[in-house]
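One structure is given here, and the rest of the page talks about it.
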């Protein structure tokens with residue numbers, strides 16, 4: 001086994017941590033304590049809402065609205081329905097999807113208020129949409145969000161009268177183009193009383209619920225989130241990415257208008273997005289529990305705080321395996337950058353590994369190019385080279401994730417085989433391998449400082465391990481190296497899992513960046529000398545397996561889960 005045992009031990013730890021960080025909590029039963037969020041209780045509303053498709057203007061939509069009005073009224077809230085005609089653009093969009101004549105139904109929001117002790121304070125707004133697309137029961141999108149809001153209200157009512165008002169906005173017409181949210185924030189009398197918004201969405205049917213978007217200047221709000229929410233999931237990387245994407249949710253018009261807030265969603269089981277199979281029975285109740293646990297804790301904190309946090313510079317943040325949120329001022333990234341560079345430099349100087357720094361840097365660049373190229377080309381083989389059904393690609397994500405994992409492993413092994421064909425300085429190679437990513441991290445810190453943490457923090461772990469090897473000896477170096485790699489690689493595996501869920505069908509090559517960070521942590525634990533030919537054979541087999549999966553995806557019939565309106569009429 002040589003030194004493979006160290007790398008294998010680190011991988012076992014990394015996979016274990018990644019699984020923990022990406023697995024939703026167990027759902028709590030309907031008999032959970034009154035003050036707790038219970039997915040079991042929330043599922044009763046999911047079943048009532050998601051028993052059939054309920055698009056805007058349908059009879060089923062009106063039935064769902066009646067259920068929501070009754071539920072909110074029974075908990076003591078003041079409830080009203082607020083209607084407006086659907087816009088012409090939205091009506092035309094629906095007609096294009098369904099092939100039906102253009103009609104402009106009423107878009108009817110359900111608005112409810114739980115009075116607080118001090119009604120002069122800005123209110124907290126819980127928001128989700130109760131309409132579904134045509135052809136889908138919408139158990140996840142967005143019956144789960146609506147049910148989460150109702151169960152959160154029930155728990156807040158059980159606490160007693162809150163310090164400030166809680167407003168519940170259950171919008172209609174989201175699937176037609178944010179019609180209900182646009183109407184509310186453009187002219188509803190309560191819109192001016194809102195101080196902060198918590199929105200709930202879904203693109204799929206399970207997985208961890210991530211807080212993926214905030215209002216602008218989120219620094220103070222994120223400090224409250226960090227203190228209030230147990231088992232948080234979120235990263236400022238997703239906030240930055242979503243800010244630059246054309247995607248939208250009901251939070252979009254509110255954010256555009258300057259409101260502070262938080263946007264939650266789960267995106268696992270992506271094949272159920274807008275699917276006729278998106279029934280309550282197929283909804284991951286753990287995802288509902290995860291979203292509800294975070295939303296309830298956050299709502300309680302927002303209702304209780306004497307003064308809602310104001311605007312402050314955005315913070316850099318990420319969750320550590322769903323256990324705790326690591327958050328810090330964005331400018332602190334320069335400290336991480338400097339500390340990482342100094343530690344790697346000290347380790348390379350101690351072991352006189354200078355000549356190997358360039359070799360290590362070249363290996364990382366080769367890894368990025370090789371893995372990115374393989375991920376791109378094999379994705380074309382899977383069907384991304386021509387017209388595709390978006391929802392069919394979503395259904396293929398689990399197979400595409402395995403495909404990407406095999407290709408990343410192949411590239412990692414192949415490049416390492418080239419490095420380890422003759423003995424080199426481990427410290428020099430480690431410092432060199434980290435150098436390109438350190439430079440990328442520095443550029444990210446300069447251009448987008450809230451993004452740099454997901455690069456610099458794993459590199460800092462790699463640098464600490466390098467110093468332990470250089471100054472502490474083989475035993476200390478192995479122990480620290482295994483621990484650092486388990487934590488860092490586990491974090492990167494979870495990040496890669498999220499990236500593949502989010503953009504994998506279109507841009508799997510983004511996995512090349514976290515893979516380069518994995519290499520900086522793992523390569524120093526791998527054997528210093530290996531036979532190149534057997535290693536390359538292993539890499540070749542992995543590539544062939546990935547190509548086989550790609551052909552399976554390409555030749556497979558269109559998934560039965562695809563949205564009905566996406567099929568040719």
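Cβ coordinates are placed from backbone N, Cα and C, and glycine is handled just like the others.
Keep in mind the model is a prediction, meaning the values are calculated, not measured.
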**Request:** May I ask you to indicate which of 301-320, 361-380 is given in TrEMBL as transmembrane segment?
**Result:** 361-380
**Message:** Under 8 angstroms for C-beta pairs, at least 3 of them, ignoring pairs fewer than 6 apart in sequence. Is the transmembrane segment (400-419) in contact with the transmembrane segment (321-349) by that rule?
**Reply:** no
**Message:** Can you work out which residues elsewhere in the same chain, 6+ from the ends of the transmembrane segment (478-503), have a Cβ less than 8 Å from its Cβ atoms?
**Reply:** 6-7, 9-18, 21-22, 204, 207, 210, 235, 237-238, 241, 267-268, 270, 318, 320-321, 397, 400-401, 404, 408, 454, 457-458, 461-462, 464-465, 468-469, 472, 510-511, 514-515, 517-518, 521-522, 524-525
**Message:** If I count Cβ-Cβ pairs under 8 A between the transmembrane segment (321-349) and each of 361-380, 453-471, 509-526, 538-555, which range comes out on top?
**Reply:** 453-471
**Item:** Average model confidence [pLDDT] within the domain 'Peptidase M28' (109-298)
**Value:** 98
**Fill in**
Spatial neighbours of the transmembrane segment (538-555) not adjacent in sequence (6+ beyond its ends, CB under 8 Å) are 374, 378-379, 381-383, 396, 399-400, 402-404, 406-407, 409-411, 413-414, 417
**Request:** Go through the chain and flag residues at least 6 beyond the ends of the signal peptide (1-21) whose CB is under 8 A from any CB in it; none is fine as an answer.
**Result:** 208, 319-323, 478, 481-483, 485-494, 497, 521-522, 525-528
